[in-house]
Ligand SMILES: C[S@@+](CC[C@H](N)C(=O)[O-])C[C@H]1O[C@@H](n2cnc3c(N)ncnc32)[C@H](O)[C@@H]1O
């Protein structure tokens, strides 16, 4: 663990101040740590046209409240709205009484729905809202919620605006109003964020797989760190060191001050260090797995993604976050399928054969597995398919079929058979070799997985003598990493098949100091406690809902020296850290790791030590 706080230097602190400013309204976040240069696309040319097309194609979703503005928590949002704080420029914008901009009034009347407009305004007035549906207004974007939508205020009323970035002044049209918040469409960017870039992907507007391509990669990293900070302070009520000691941030200055003591002339702030997000040197083409739904246009096979908000399949040739080889294999499958007249599965009729094409690429060994998910056993012209794929893509070492005849959105069925080649492909994370089968879970960003696990091992602070428990261990990836540095590792996971894989992977690597058990962590770990297992370190990597309360109780009872918490959801991380803090642990450091560039997913790893 890096305890050298004083040595982290001014640069880091000043970037923290900048990042802090993002949520406070300046939105000029920067300073996420790139492990190399910024590969974000160049600045946009015609912003307005781009934005119009973009928002026109992206229906507004219901934003969940849990992460607020990149400022966390429903209660915090409520209280902020309760203050009726008008952080935006809407007050100074050209408004009439209804919150509709003067500039837009003529436009609205063009739409010929004067009576509806009046009705909307009447409803808004009755509810005391400063904006009405279909009204236009100018607002400042003061943050970004966890769906990647800009958050603005119109006279204290919160509006979510897809495509808008923190720090921008924008003209919007109100699409939907609720009592406490509404949704608006971005019409024009009046003042542009320095983080705005032109999304390089030509299908970004339609696809929905990425949400942040219109933001520089540096900006994304800073935003992800800020999401973690906001959750820790607002949900976890934790002291996060956000600024330089001389200039504590307004947000939690009271908390920081409480925890301050003097070291000579200089004040020393004790609290949690949230390090800069560990980003990718090359944040494109990072996914090792493609799962492509198949459809038809004019009887010809297509495959790509579901258009946003529908089950209509849009054909796609290239995905910029997918490994090129995966794109190529899918393209070959489509071409051969078309030439031999294969029909795609139709969800409505339940007819047709090919449902999904799944491709897995082992980055380190180069091996590729192709899985054809079919609605039925027999594949016409299967030999032509195998021959064509092998000829075009010699890196393919495994071709499998998975049969799924159920009317379901679940991709895989129960039966998998090998059509040609090997049953598994092999890949490495660090020095550990993994066998990956058609159904087995494997992290999709292998480069960043190594970064995440490396941080986890660093935080575990192992010397080789420790007993470690790895809760929610999946196929034992973290456990096997830890086993190289510990005396013994116990891994527990609820999915039986994953535990089978974990055992096989331990054998494959001749790792004999790891024990795996299937079952709920909250049941198995108390049982281990009864059996006298006393861990020095407990690692948890729960799903989005966080740790089961019974597991947290057991951790408090077992009193390990350290807890390392790997999290894919900052709000449940913050909630659980609060429980552990109240039970006698101290959170020391948190590092966000960017596992999914250009998406809103925020992964982080935290280390806690037991208070003596
Ligand atoms: C975020 S994944 C972590 C997997 C693994 N640590 C890795 O890095 O690949 C969470 C895992 O927890 C498992 N899980 C969910 N609920 C569980 C429970 N109550 N007890 C044990 N495992 C559980 C899931 O099946 C999943 O494999």
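The backbone N, Cα and C atoms fix where each Cβ goes, and this holds for glycine too.
Here is what TrEMBL says about this protein:
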REGION    1-127  region 'Disordered'
COMPBIAS  18-27  compositional bias 'Low complexity'
DOMAIN    130-188  domain 'TRAM'
BINDING   443, 472, 493, 541  S-adenosyl-L-methionine binding site
ACT_SITE  568  active site
ACT_SITE  568  active site, nucleophile
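Overlay of TrEMBL feature records on the structure.
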residue : record                               : Cβ within 10 Å
443     : S-adenosyl-L-methionine binding site : 20
472     : S-adenosyl-L-methionine binding site : 20
493     : S-adenosyl-L-methionine binding site : 27
541     : S-adenosyl-L-methionine binding site : 24
568     : active site                          : 17
DSSP-derived structure type at the residue listed as 'active site', helix or strand or else coil
coil
Looking only at 443, 472, 493, 541, which the record lists for S-adenosyl-L-methionine, tell me the maximum pairwise CA distance in angstrom.
16
Per-residue pLDDT averaged over the domain 'TRAM' (130-188) comes to what?
95
Residues within 8 Å of the 443, 472, 493, 541 Cβ centre (excluding the S-adenosyl-L-methionine site residues themselves)
470, 473, 474, 475, 477, 478, 542, 566
The correct DSSP tally for the domain 'TRAM' (130-188) reads 0 helix, 36 strand, 23 coil
Can you tell me the CA-to-CA distance separating residue 472 (S-adenosyl-L-methionine binding site) and residue 568 (active site), as a whole number of Å?
13
How long is the line from the C-alpha of residue 443 (S-adenosyl-L-methionine binding site) to the C-alpha of residue 568 (active site), rounded to the nearest angstrom?
13
Between residue 493 (S-adenosyl-L-methionine binding site) and residue 568 (active site), find the distance joining the two CA atoms and give it rounded to the nearest Å.
17
Spacing of the two Cα atoms, the residue listed as 'active site' and residue 541 (S-adenosyl-L-methionine binding site), in whole angstrom, works out to 8
